[in-house]
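Engineer: Positions annotated as dolichyl diphosphooligosaccharide binding site by Swiss-Prot, on the basis of similarity to another entry: 405, 530. Positions annotated as motif 'SVSE motif' by Swiss-Prot: 348-351. The motif 'WWDYG motif' annotation in Swiss-Prot covers 525-529 and rests on similarity to another entry. Residues or ranges marked as site 'Interacts with target acceptor peptide in protein substrate' in Swiss-Prot (evidence: similarity to another entry): 49, 351, 595. According to Swiss-Prot, the site 'Important for catalytic activity' annotation covers 160, on the basis of similarity to another entry. According to Swiss-Prot, the topological domain 'Cytoplasmic' annotation covers 1-15, 230-234, 284-298, 380-385, 429-453, on the basis of a curator's inference. Feature annotation from Swiss-Prot assigns transmembrane segment to 16-34, 112-141, 143-158, 171-188, 192-207, 211-229, 235-253, 266-283, 299-317, 357-379, 386-402, 454-473 (among others).
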């Protein structure tokens with residue numbers, strides 16, 4: 001089409017083409033901005049959980065769904081093992097395997113690893129499109145395009161969707177927004193068609209991420225608010241009843257979910273609102289058949305009876321255990337101190353910590369300030385759909401403050417409401433912008449408005465443009481510097497500004513894979529379990545699934561005990577090798593010494609570890625120190641000795657004594673010691689990973705060789 005031909009198109013067609021072009025550019029930007037890690041390093045899986053997801057996806061692609069669904073993994077949680085098919089959300093793996101097989105059907109040969117690496121950026125592009133349609137339903141196409149452009153680069157979402165971040169959240173945010181879009185369409189139309197599509201989107205969400213619980217509580221809450229505000233109608237009744245019935249039946253097809261939608265407390269709100277819908281419909285029917293006096297007497301009687309019966313039945317079901325109580329993670333959302341005081345394994349995960357104020361600006365920047373503007377617009381122009389987005393924004397704001405991981409749930413609604421806010425500000429001032437030539441304006445036109453209306457409008461538009469540009473630069477910088485570094489490969493800047501690569505993790509796992517027996521059992525802290533099984537292909541005792549607190553506690557007890565007591569535990573668990581992460585030489589702060597207090601807390605949280613007390617590992621003044629002032633219990637435990645073995649002879653910095661720990665900024669207190677029950681098997685180039693072999697007893701069990 002020539003340029004002249006384009007200009008001859010009708011205004012509507014030009015408008016459509018321009019929207020399509022902008023939306024396509026946002027989708028391409030969303031994909032490309034997540035590729036920093038691939039360009040800087042290589043096509044590699046990030047973090048810890050993604051390695052398990054990659055391993056299971058590879059098994060599914062090679063062996064098929066039947067074997068995948070019935071897979072018993074004997075490489076994990078030795079000697080217990082783990083049933084894979086019934087303990088995971090399979091949506092991520094099935095999606096990747098389906099894409100892999102479709103590409104191979106068309107003779108596009110691509111490794112399953114590369115499918116996994118690029119899946120999250122691909123779905124982030126789909127998310128921009130869904131965000132556009134969702135925001136368009138709330139305001140207009142202009143707001144939708146702004147929201148799509150914002151979510152394409154928002155760091156709060158990019159943090160879990162960069163190339164290589166192969167985790168459930170990579171596709172779950174798309175599923176969540178798709179479900180919300182279908183729900184709003186169902187609410188607006190009252191159509192079973194849209195409600196059924198919403199149920200299907202919800203089913204995809206359930207199959208992909210445990211965060212579906214937020215969704216199945218938010219939608220009923222929306223319906224309840226519509227009831228309380230007098231907005232409940234036949235449209236809402238049809239939409240919710242269809243979504244709840246179909247969605248519940250479909251969600252129960254996921255093995256890991258099973259009967260939870262009708263048995264667990266997290267799902268009871270949805271069931272209760274479903275019952276309220278039936279009562280509301282019945283009351284409306286009675287109102288149409290009875291006079292006001294009869295209706296009031298009957299209404300009070302029925303409500304009292306139904307309320308009493310429901311409370312009695314609910315209490316009995318809770319007491320008899322037919323309805324399971326809330327899980328620890330759910331309790332920790334309602335009471336942030338619950339996990340810290342009762343379940344240290346949950347509190348030990350960095351993702352479960354409360355969010356700091358600085359994190360909001362770091363992950364959202366401009367959106368923090370434009371979110372209230374969009375919220376104000378929705379309050380000023382209330383509708384059923386806008387009530388939903390208000391509730392989504394307010395609830396996700398609270399939950400993101402309780403748990404930093406849920407910043408991911410907040411980011412999309414921040415983009416939507418900020419897109420609405422920016423669109424409203426720009427459209428308001430654009431109306432005041434007069435682009436006609438000054439010499440052609442009549443004196444009457446000039447005097448009819450305040451003198452500087454045009455200048456104020458121009459200034460505000462320039463200010464908003466500046467804010468949007470700074471938002472883009474900030475998001476790109478955060479993506480590049482903070483969220484595009486795979487934890488499996490570390491990097492740092494040298495004195496001359498060049499990039500230094502630390503590839504110790506893969507070096508260690510490669511050594512394990514090729515230099516240890518295939519049936520070797522490796523003991524490490526649970527953080528590294530998935531990586532060891534995926535990359536070293538060796539049996540591990542605990543991993544990131546953390547389903548058995550007692551087993552993890554036993555590992556923590558071994559790490560926190562003296563060599564003799566630890567040896568008894570290691571022999572009990574048939575351990576062949578022990579792996580620890582140590583950052584004292586390179587300055588890597590996420591090492592096992594810094595995680596050690598969590599090992600102590602978790603180790604002492606069970607009956608077999610009651611003798612382990614956290615205060616024993618502190619100095620008399622309450623400090624955790626690794627130097628000569630440190631606690632003797634700490635300086636003689638297994639973890640300390642494995643990390644600092646031979647370290648007392650190493651010079652780490654100029655003008656510092658040997659054995660100077662660059663993370664703790666201290667000279668270690670216990671330098672001259674030998675290991676009795678372990679022998680050093682391998683230490684990586686930068687001492688980041690240290691592997692020890694457990695010595696065997698001699699034939700009579702009198703000494704170790």
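Note: Cβ is positioned from N, Cα and C throughout, glycine not excepted.
Owing to the predicted nature of the structure, the values given are computational and were not obtained by experimental measurement.
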Engineer: What is the number of residues in the topological domain 'Cytoplasmic' (380-385) that are helix, strand and coil, as DSSP sees it?
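Structural biologist: Split by secondary structure, the topological domain 'Cytoplasmic' (380-385) comes out as 3 helix, 0 strand, 3 coil.
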Engineer: Any idea which of the recorded sites 49, 351 has the thinnest Cβ neighbourhood at 10 Å?
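Structural biologist: Each of the recorded sites 49, 351 was scored by Cβ atoms within 10 Å; lowest is 351.
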Engineer: Under 8 Å, at least three CB pairs between the transmembrane segment (386-402) and the transmembrane segment (211-229) (pairs 6 or more apart)?
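Structural biologist: The transmembrane segment (211-229) and the transmembrane segment (386-402): touching, yes.
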Engineer: Give the three-state DSSP assignment (helix, strand or coil) for residue 160 (site 'Important for catalytic activity').
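Structural biologist: Once the DSSP labels are grouped into three classes, residue 160 (site 'Important for catalytic activity') ends up as coil.
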Engineer: Let me know the most crowded of the recorded positions, choosing from 405, 595 and counting other Cβ atoms within 10 Å.
Structural biologist: 405
Engineer: By a simple count, how many Cβ atoms lie within 10 Å of the Cβ of residue 530 (dolichyl diphosphooligosaccharide binding site), its own Cβ left out?
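Structural biologist: Result for residue 530 (dolichyl diphosphooligosaccharide binding site): 24 other Cβ atoms within 10 Å.
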Engineer: For residue 160 (site 'Important for catalytic activity'), what is the tally of other C-beta atoms lying within 10 angstroms of its C-beta?
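Structural biologist: The Cβ of residue 160 (site 'Important for catalytic activity') has 23 Cβ neighbours within 10 Å.
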Engineer: For residue 595 (site 'Interacts with target acceptor peptide in protein substrate') and residue 351 (site 'Interacts with target acceptor peptide in protein substrate'), what Cα-Cα distance in Å is obtained after rounding to a whole number?
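Structural biologist: If we compare the Cα positions of residue 595 (site 'Interacts with target acceptor peptide in protein substrate') and residue 351 (site 'Interacts with target acceptor peptide in protein substrate'), the gap is 14 Å.
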Engineer: List only the single closest residue to residue 160 (site 'Important for catalytic activity'), chosen from the recorded positions 49, 351, 405, 530 by CA-CA distance.
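Structural biologist: Spatially nearest to residue 160 (site 'Important for catalytic activity') by Cα position is 405.
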Engineer: Should anything in the same chain at least six residues away from the transmembrane segment (16-34) have a Cβ under 8 Å from its Cβ atoms, list it; otherwise answer none.
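Structural biologist: For the transmembrane segment (16-34), the nonlocal Cβ contacts are 6, 9, 120-122, 124-129, 132, 141, 145, 148-149, 151-153, 158, 161-163, 475-476, 479.
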Engineer: Using a Cβ cut-off under 8 Å, which residues of the same chain at least 6 positions beyond either end of the transmembrane segment (112-141) come close to it?
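Structural biologist: Contacts of the transmembrane segment (112-141) (Cβ under 8 Å, skipping residues fewer than 6 from its ends): 19, 23, 26-28, 30-32, 34-35, 38, 43-45, 50, 53-54, 57-58, 61, 92, 95-97, 99-100, 103, 147-149, 151-152, 157-158, 160-167, 170-171, 173-174, 177-178, 180-181, 184-185, 188, 377-378, 385-386, 389, 412, 415-416, 419-420, 423-424.
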Engineer: For the transmembrane segment (192-207), what are the same-chain contacts with Cβ under 8 Å, counting residues 6+ beyond its ends?
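Structural biologist: Those are 89-91, 94, 172, 175-176, 178-179, 181-183, 185-186, 215-216, 238-240, 242-243, 246-247, 250-251, 253-254, 257, in sequence order.
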Engineer: If we call contact 3 or more Cβ pairs under 8 Å (sequence gap 6 or more), are the transmembrane segment (171-188) and the transmembrane segment (299-317) touching?
Structural biologist: no
Engineer: Give me the Cα-Cα distance between residue 351 (site 'Interacts with target acceptor peptide in protein substrate') and residue 49 (site 'Interacts with target acceptor peptide in protein substrate'), rounded to a whole Å.
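Structural biologist: If we compare the Cα positions of residue 351 (site 'Interacts with target acceptor peptide in protein substrate') and residue 49 (site 'Interacts with target acceptor peptide in protein substrate'), the gap is 12 Å.
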